[in-house]
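Please read through the structure below; I'll follow up with questions.
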Amino acid sequence: MEKPEMIFKNYNSTCESNSYAYNSKKYELEDQDAEDNFRRKLKFYFMNPCDKFKARGRKPWKLGLQILKIIIITAQLVSFGLSNQMVVAFKEDNLNAFKHLFLRGYTYKLEDNFAVYTKKDFFESISYAVGDLIDVLFLQYLHLPNVSVGNHAYEWNGEEYPGLIICQELYMNSSIYPGNETFDIDTKIETDCLNIKPDVPTENEMLRNDKFNYSVDFQRLLSVNIYFTLKAVNLQAIRNNELPDCYDFNITIRFINNAYSGRIQVMLDQDVGINECKELKVSGSIQRNTPYLVLFDTFIILACLGSLILCVRSVINGLQLQYEYITFYLTRYNKTVPFSDRMEFVNGWYILIIISDILTIIGSILKIEIQTKNLTNYDVCSILLGTSTMLVWIGVIRYLGFFQKYNLLILTLRAAFPNVIRFCCCAAMIYFGYCFCGWIVLGPYHVKFRTLNTVTECLFSLVNGDDMFPTFKEMQQKSHLVWLFSRVYLYSFISLFIYMVLSLFIALITDTYETIKQYQREGFPQTELHLFMAECKDLPSSGRYRIEGESPVAAFCCCNRYVYVI
């Protein structure tokens, strides 16, 4: 019979072993619960908005904002486009009118090659723009209100008409003797200007003094520039129930002789300023709707700001979850997470929406400034609003991607993108080789190969099967060797890129498309991240994803975050 002391010791040791086993099992169960909770957290993050609503009752705020943004941003773009179209049409019509008024012998066909070749034509062109300097008949600029059919007027600064300024730029000294193949030139440039005012016709005597005198030394002449400003009112805005704006056309006529080639190029350009007219008297019910447009643009800015905050919050949550997953994987399995799995937490669609929101906010601010006449540059605003609208429409594809029948395009582009980039890098080496070769060899004999820019455009057109016959036909035959080389060059390029490179490119996309369709039938390859989440079998409607004590405000603001112990 055992002693009582021995029985007591055995009893204590048995209790200690049972307690240790109980605690070990308890800790094991706690670890398993933490792992299951983390799986649910990952699975919830990658759910679509509908499943998230079923899982936790979270409202799809981002989805609603994206749909709202499509409507209001598209409406904003259409409104701005119609207004911009009217402004652009008015500018172009006036520019064409000025070219016909002030450029002697101008026709639309000579737009890029308008020039003068004799001294007589040079002086007659200047006289035509300013007026007949000899007979003091100020026909064009000085009698513009009697000549033009438009509502153009001279600039008035409150005291006088600033008038027209003629400036010539010349080298300080130049003596050129092509027959002896000698020259002596001082490259310093001097400028000589003359002011002609429309209200002081007697100042024509200044045209004959020794300072200007139009006795131009063509050996020293670089350019002759004529500057003047005209004003006009855009009355066609009345048809759109808007009050008309007043325009300042700062016109510059240039006679460019930089090349000294016997050809003086003539150009007319304008810089347009848009101002609100000072005194407006319009009969009828027309009223300026600028305050309503500004209010609408302000609403768009607020909507985009809300979308921006939500998307930035989601990106930050993804990065935090990525860090938790990396830490968990390293602690539990002593492995590093592959780069592809890490990038699963970086949502490119959110980044696309963030860029779109930033562009929309900046573009809307510029649009407000244009409507209030503080800015007149439509180009920057058009680029920002156009790009943002494009990105907004593209960003909605993300939500279509949650449905299997609609995400085929997205999956194909995503899978083919790396191979397409590598393929394009290799094809670009061949393409740029042809570009440089065509520019240096065919440039002197073909107008489409004069510059690198035109060469790339021409070859890109040939790749797409456009403009082939004119490219062959316009090749000059001054050099039989170069003409023969051009045939070999063009035939080899077209054959290589159309029949081989382009066909391989299409085959690459087609192969990826067929692979994605096969994956949709048989199942997509599972990464370690997806396999880890797949062990969680809880459905969104099971109630296992709800966080105890979470309120709708906390769900929106992400203030009450569930902390998972790993």
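From the backbone N, Cα and C atoms, a Cβ is placed for every residue, glycine too.
Summarising the annotation, TrEMBL assigns domain 'Mucolipin extracytosolic' to 87-278. TrEMBL lists 292-316, 348-368, 380-400, 420-442, 488-509 with the feature transmembrane segment. TrEMBL lists 380-516 with the feature domain 'Polycystin cation channel PKD1/PKD2'.
Mind running through what each feature is packed against?
Under 8 Å from some Cβ of the transmembrane segment (292-316) lie the Cβ atoms of residues 61-62, 65-66, 68-69, 72-73, 75-76, 79, 346-347, 350-351, 353-354, 356-358, 360-361, 364-365, 367-368, 371-372, 558, all in the same chain and six or more residues away from its ends.
Residues 62, 66, 69, 73, 76, 80, 294, 297-298, 300-301, 304-305, 307-308, 311-312, 314-315, 318, 375, 380-381, 384-385, 387-389, 391-392, 394-395, 398 of the same chain lie 6+ residues outside the transmembrane segment (348-368) yet bring a C-beta within less than 8 angstroms of a C-beta in it.
If you look at the transmembrane segment (420-442), the same-chain residues 6 or more away from its ends with a CB under 8 A from one of its CBs are 449, 451-452, 455-456, 458-459, 475, 482, 485-486, 489, 493, 496-497, 501, 504-505, 508-509.
Here the transmembrane segment (488-509) has Cβ contacts under 8 Å with residues 412, 416, 419-420, 423, 427, 430-431, 434, 437-438, 441-442, 459, 462-463, 465, 468, 471-472 of the same chain, all six or more residues outside its ends.
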How about long-range neighbours of the transmembrane segment (380-400): same chain, 6 or more residues beyond its ends, C-beta under 8 Å?
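Hits for the transmembrane segment (380-400): 48-49, 63, 66-67, 69-70, 73-74, 76-77, 80, 84, 349, 352-353, 355-357, 359-360, 362-364, 366-367, 370, 406-407, 409-410.
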So, by DSSP, how many helix, strand and coil residues make up the domain 'Polycystin cation channel PKD1/PKD2' (380-516)?
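Tallying H, G and I as helix, E and B as strand, the rest coil: 116 helix, 0 strand, 21 coil.
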